[in-house]
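Participant: Have a look at this one.
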Amino acid sequence: MALMELYTVSNRVWILDAEHVWKSAEILEDFHLGDSALELLLENGSVSYYPVDPSKPKLPPLRNPDILVGENDLTALSYLHEPAVLHNLKVRFVESRIIYTYCGIILVAVNPYKQLPIYGDAIIHAYSGQNMGDMDPHIFAVAEEAYKQMARNHKNQSIIVSGESGAGKTVSARYVMRYFAVVSKSGSKARVEDKVLASNPITEAIGNAKTTRNDNSSRFGKYTEISFDRKYRIIGANMRTYLLEKSRVVFQADNERNYHIFYQLCSCAHQPEFKDLRLLSADRFRYTCLGGEVTIEGVDDGKDMEDTRRTFALLGLKEDFQSDVFKVLAAILHLGNVEIRDSGGDKSSILLSDPHLAVFCELLAVEAGELVRWLCHRRIVLTAETLVKPEPKKRAVNARDALAKQIYAHLFDCVITRINRALQVPGKQHAFIGVLDIYGFETFDVNSFEQFCINYANEKLQQQFNLHVFKLEQEEYMKEDIPWTLIDFYDNQPLIDLIEAKMGILDLLDEECLFPQGSDQSWLQKLFSYLEASPLFQKPRLSNQAFVIQHFADKVEYQCRGFLEKNRDTLYEELVAIMRASEFPFLANFFQEEEQQSTVNSRGVKVRPARPGVKPANRQLKTSVGDKFRSSLSLLMDTLNATTPHYVRCIKPNDEKLPFEYDSRRVVQQLRACGVLETIRISAQSYPSRDIRRWTYIEFYSRYSILMSQQEADLSDKKQTCKNVLQRVIQDPDQYKFGRTKIFFRAGQVAYLEKLRLDRLRRACVTIQKHVRGWSQRRKFLRVRAAAVVLQEYIRGKRTIRKTVSAETLKRGWASVVVQRHWRGYRTRQVYQIVRWATVTIQAFTRGWMARKRYKKMVEEQKALVLQKYARAWLVRRRFQTMRRLVINVQLSYRVQQLRKKIEEKNRDNLGLMERLTSEANARSQAADRLHALEAKLEKLANEKASWERQSQEGEQLNADLQEQISQLTKHVTELQKQKEDLEANVQEQRREL
C-alpha cells in the first residue's frame, strides 16, 4: 500500500508552526497524484492549503492513530518523526504527568522541576526483579535492567546519563546509585552503600555551582564505578572526574555563583571552629561576588554546610582533614582579595601590609616576601644569564588567579582521591556498574574552550551510541533471519578526526602552545590554513576571532579568545616552588612531583586517581589540558566499550524552571542534540526496535484475526495464516519481513493495519448496534406487555375477592398461617436442639475414648523405648567387656614373648661381658708379670751402677720411660678395674630387672 493512499479524508497530519514547532491539522479532501495542494482543517477551525509540488510531492508527516498516542516507547509509534515524538512526550508530560518515556534502548527523562512521590523504597521494591517492559518507564527500570544483566551475563554494565545543564542529570545519577544501594545491601558493618550515597553531597559541594540555566549545575564530568562481589552486593566504589571548570573559581558570569562550598564556608564564618580562618560574608570576597549572586532562592548554605560536614564524617574523613580542606578554601578566598597595584612602566606591586595577603600566607604557611615578588615578577632563563622581569598588573592578576585555580584543582583531586579510599572495603571485585554523569551538548551565544571540550566529549559518546545501537539491530535481524543492509546514518568519525587526529584542532593548539609568543589569533590562522578543505570546519563571515564546527547536533561558533591560556594551564615555576616549600604539609603535597599515578590503599589495592595520568606528547611541553582530556576521554571510551551500556537522556522542558511546562522549541533542540531524533530517524528507515511493530505470529493472529476470511483462519498453522493475510492486505512485500518468531513492519504499516481493523470493527459495530437496538426494543415491549398483564390480573383478583369473600374470613385465614409458622418453627428448633445435644455427647465420648486409646498406645511405646534402651545398653556393655578381655589376653601373650626375647638377649650380653672381663683379668696378670720383671731389672741395674756411669744419662732416660710406662700401665689397670665394677653392677641390675 503506497503511503500516499493514507492521505485521505479524516486522517490527520503535522505542519510546521513558528511557535510550537509543529501543529496538527485534519485532511478535508483526499489527495491524488498531480494535486498542487492539500486541503487541511486546523485546530482553530480555519482552513489551510498545504502547497505540494506535483512532480515531486513532499507531503506533511502523518499523525499517529489515537491508540498509539501516549505510548511508553517512542519506537512503538507507527510514524516515527519529529512531530510525533514531540507530541507523544507532551501528552505524557503535560496531560498524564509522566516524566519517563522509552525510545528503544534510551530512557528519555523530562525534568518536572517538582518533587514527585515516585522514588520511595516501595517503588524500588516494585521494580526489583521486573523486566524492563513489564512496568511503566522509570529510571529504576534502567537500573534494574543493568543490575539484572550484570548478574545474569556476568558482564560489567554502564549507565550513561547526559543532557543539558539543568536537565536533571545529577539527580538521575543519584537515584540510580540509591536504587543499587537499596536492592543490593552489603550486609556488612561497613555500610558501603551509605558511603556511596554520602559521597554525592561532597562532590556536589566542591564541583557544582549556580549557572543561568541551573541552580545546581555539575561543572565536571563524573564516572562512578560501583563494585559488587560474587553475591552481587556492593563492596565499594570508585570515582573518576573529567574537566573541572577551574575558571569558575576566579570568574563567574552575571547571575552565576562560584562553587557551593565557598558560600557554605562563608555562611559559617561566625562559628567558633572557623574563627581562625577570618572569613567574611560571601559578598565581601571578590571570587564569590563577581556574578552578583551570593544566594540561591530556597537554599540554606548553612544547612548544606552541616550536611557536607556530616557526610565527611560518614566517609571517615576526620576533623583534621576537614580542617585542612577548609583552611585551603579560605586561603583561596583571601588570595582573591589581595590587591595588585599598577606601579607604572609595565610594573605592578603588592603591599606587604595587605591584610588578605597576611591571612593567606599564615593559613598556608608560605613566605609573604617571596610570594609578592614572584606574583609581580617573572624569571626568564637565557643561554648565558637569568633575568628577572617585572610584570604588568594584568599579568600579575592572571598569575594570582592561576595560582588560585591550581590550588583548587589540586584540592578537588585530593578530596576525590580520599573519597575513593573511603569507598574501598576488603573484598575482591567481581563486577561493576558504572554511572556516567557527564555534560551534554552545549551551545551558547559565546562558546569557549570548555564548551569545545564538552561538545568533543559528546561527539565521542554519540559515536559509541551509534555503534552500539546498530550492533543490537544487526544481532536482532540475524537472530530472526531477516535480510539486513547497512542503514545510512550520521558518522561523526570525520569530525572526531578533525579534532583529535594529527594536525587536527587539538594538535595545532598544542603546537601553538609550544611557542612563547604564540597567540589565539595565530593559532586561528593555522586552523584556517590547515583545515579549510574540511566541510565540517568553516570560517565565520563576520568575525576573524572565531571558527565554526558542524557538530552532529548543531553548528557551533567558538570564540578563540582564551583557548591557548586555558589549554596551557600554566603556573610560574617560582610560585610552584613557594607552594612546595610550604610548612603546611597538606598544601605542599599538592605540588610535589607526581612519581606515581595511582595510590595504594590500606589493603594493598591500587586506587585510580580522580583524573587518569597521561604522559606528555612532547617533553618540552607540560601536558596540556586538551591532551589530558583527550587521554582521559579515550580511557572512558575503552571502559564503556568493555561494558554493556544503558542510556538516559535528560530533557529540560523550559528555561524558566516551571513545573510541568512544556516548551516545544527547547525540547526539540535538545532531542536533536542528544541523538534521540537520530535514533528515531534510523528506526524509521529500518524495522522498529521494540514492541508493537515487532508482533509475534501469535500476537498478530490474535489482534488482526478480524481481517481474515473464514478460509484463511486456519488454526492449525497460524504462521502461514499470518503470511497469507499480510500478502493479501499489503501489496508491497518490502514493507514487512517475516522472521523466525516475529513479523517486522516498516513505518506506517501498523497504522495502515489499524485503519483496516478499525474500519472492519466499525462496520461490525454498526451491524451489532442494529441487531442490539432491535432486540432491546422488542425486549422493552415484551416487559411492558407483561407488566400490563400482571396489573390486570391483580386488579381483577381484588375485585373478585371483594365480591365473594368477607374481610373477617381473610383475617382469620392470615392469622392461622402466622400461628402455624411459629409453631412449626418452635418444633423444628426443639428437634434440632435434641439432635445437636445428642451429637455433641456422642462426639465427646468418642473423642475421649480415642484420646485414652492414643494415650495408652503412647505409654506402651514409651515403656518399650525404655526397655529397648536398657537392653541395648546391656548388650553393648557385654560386647565391650568381651572384646576388652580378648584384647588383654592378646596383649599379655605378646608381652610375655617380648620379655622372653629380652631375657635371652640380656643373657647373651652377660656372657659376652664375662668373657671380656676374663680377658681383661688375664691382661692385668700379664702386666703385673712384666712389672715384676722390670723391678728385677732395675735391681740389677742398681748393682751395676758403677759400671754404667758412662751410660747414666741413657739410664736416666730409660728410667723415665719405664716410670712413664709403669704409670700408664697402672692407670690402665685402674680403668679396667673400674670397667669391671661397672660391668658387674650392670649385670646385677639386669638380673634384678629379669
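Yeah, the Cβs are placed from backbone N, Cα and C, and that goes for glycine too.
Annotations for this protein, taken from TrEMBL, read as follows:
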- 69-758: domain 'Myosin motor' (DOMAIN)
- Gly163, Glu164, Ser165, Gly166, Ala167, Gly168, Lys169, Thr170: ATP binding site (BINDING)
- 633-655: region 'Actin-binding' (REGION)
- 889-993: coiled coil (COILED)
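Give me the local environment of each listed feature.
Facilitator: If you take every residue in the domain 'Myosin motor' (69-758) and average the pLDDT, you get 84.
Listed in sequence order, Asn200, Glu204, Asn208, Asn216, Ser218, Asp437 are the same-chain residues six or more apart from Thr170 (ATP binding site) with CB atoms under 8 A from its CB.
The DSSP breakdown of the region 'Actin-binding' (633-655) into helical (H, G, I), extended (E, B) and coil residues amounts to 9 helix, 8 strand, 6 coil.
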Participant: Out of Gly163, Gly166, Gly168, give me whichever of these binding-site residues has the highest number of other Cβ atoms within 10 Å.
Facilitator: Gly163
Participant: Let me know how many other Cβ atoms fall within 10 Å of the Cβ of Lys169 (ATP binding site).
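Facilitator: The answer is 28.
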Participant: In the same chain, outside Gly163, Glu164, Ser165, Gly166, Ala167, Gly168, Lys169, Thr170, whose C-beta lies within 8 angstroms of the Cβ mean position for the ATP site?
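Facilitator: The answer, listed by sequence position, is Asn111, Asn214, Ser217, Gly440, Cys650, Lys652.
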